Amino acid sequence: MAGVGGVRRKSPVSPSPLWGKLHTLWQDKYLLLFKTEYTLLVVSVLWFLEIGINVWVIQKVAYTEIDWKAYMDEVEGVINGTYDYTQLKGDTGPLVYPAGFVYIFTALYYITGHGVNIRLGQYIFAFFYLLTLLLVFRIYYRTKKVPPYVFFFVCCASYRIHSIFVLRLFNDPVAMMLLFAAVNLFIDGYWTLGCGLYSLAVSVKMNVLLFAPGLLFLLLSEFGLMKTIPKLSLCAGIQVVLGLPFLLENPVGYMSRAFDLGRQFMFKWTVNWRFLPEWLFLNRYFHLLLLAAHLLTLLLFAFRRWKRPGESIFELLKEPGKRKIPAQKSTIVLILFTCNFIGMCFSRSLHYQFYVWYFHSLPYLLWSGGVKKLAHLLRVLILGLIELSWNTYPSTNSSSAALHVCHLIILLCLWLAPPLLSAAAETQEQKAVKDKRH
């Protein structure tokens, strides 16, 4: 259509959908931080940012020798033909990890030139860190439980976690990396493969056994007793196969060292019980009390929070198709993370590298609690206090007490959350919420 003076007006160009979305984000920036739909975008940016952070930490922050040389001495003993676990030791003491640790760190021994090229080892652990983040971010992306701004605290903000991975080269991150890979397989429905990977994680460090009661509950819920037994047998079989060279040499020595449940911890390294007198910290009756509290809390959560209301616990032993009530599709991640967290709350001692055992699960637990009035700021404050407690060296009465207070708040919030719903009920609830919004 001609304009005045015969000049043709240009028709306005419609913006592309991508440009429109970016413009909307710019106008409503808070959406990017609080809406779980943007989880993938935020974690992608943070993951690439973490590449630079890890390189900077490795190049600029001094490496601290704690256990790496001891690890190398221990696996060197195996390489030299010693298969008696009671004869394997390093600078910091005897070998106390299962056989999977030996194989993985033997590979690292050769890759790093007999453990001498520590800088290469640091970059390998930076790769482990980035892979762990990918696995953790995928769990959060699949569950969409936590607002995106929290992921900054899951990665970039923690000095201690970077230190555990790339400045200390502990075996704890390797075990947790395998554990998070197993959790991803569980939520995708690959239970057999997930159990195999879970057992491999246990073979690196037995702290992964803290997840075992929750995994057992999930397996019984999903398959019943008879179909759960083969999966448990797979887990046990992997342990036997990995440990076979050492079991044939000295079975009692291997089991007592690799799975020493009565191991005594040193008071000077404790993060969580600094406010106790040392004699009480070392007291076996105190340890038994903690174990009893741990088991009791697990049973309470299993009976009152993980099991469907009105369903007998013995229903879990039946095949799903033969139950009076259909099998519950429980929240896999919540049960596993809660189970591990309960173990951390009642641990006889927590050392600084143990932070990685539950660090990446803390936001999920905080945003799964049943206290609606626990505002965003208070949740972030709890994360900050926990981080401060783990970064206080040496630990103090106040830092240990603050850690227990934070643990108690999270545990109470998880307890006050409503019992888990079946998949059908969850679907109906989500549909009702969606209809209400529209």
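In case you wondered, yes, glycine gets a Cβ from its N, Cα and C as well.
Unlike curated entries, TrEMBL annotations are predicted automatically.
A quick note: this is a predicted structure, and the numbers were derived from the prediction, not measured.
Here's what TrEMBL has on this protein:
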type	residues	note
TRANSMEM	38-58	transmembrane segment
TRANSMEM	95-111	transmembrane segment
TRANSMEM	123-141	transmembrane segment
TRANSMEM	147-167	transmembrane segment
TRANSMEM	174-191	transmembrane segment
TRANSMEM	197-220	transmembrane segment
TRANSMEM	285-303	transmembrane segment
TRANSMEM	332-354	transmembrane segment
TRANSMEM	402-421	transmembrane segment
Given the transmembrane segment (285-303), its same-chain partners at Cβ distance under 8 Å and 6+ residues beyond its ends are 213, 217, 313, 338-339, 342-343, 345-348, 411, 414-415
Using Cβ distances below 8 Å and needing 3 or more such pairs, separated by at least 6 in sequence, tell me whether the transmembrane segment (147-167) contacts the transmembrane segment (95-111). no
Listed stretches 95-111, 174-191, 332-354, 402-421 vs the transmembrane segment (197-220), most Cβ pairs under 8 Å: range 174-191
With the cut-off at Cβ under 8 Å and a gap of six or more residues from its ends, the chain residues touching the transmembrane segment (332-354) are 139, 143, 160, 164, 168, 170, 172, 183, 186-187, 207, 210-215, 217-218, 265, 269-273, 281, 287, 290-291, 293-294, 297-298, 301, 305-306, 361, 364-365, 368, 390, 393, 404, 407-408, 410-411, 414, 420
When counting C-beta pairs under 8 angstroms to the transmembrane segment (123-141), the leading stretch of 95-111, 174-191, 402-421 is 174-191
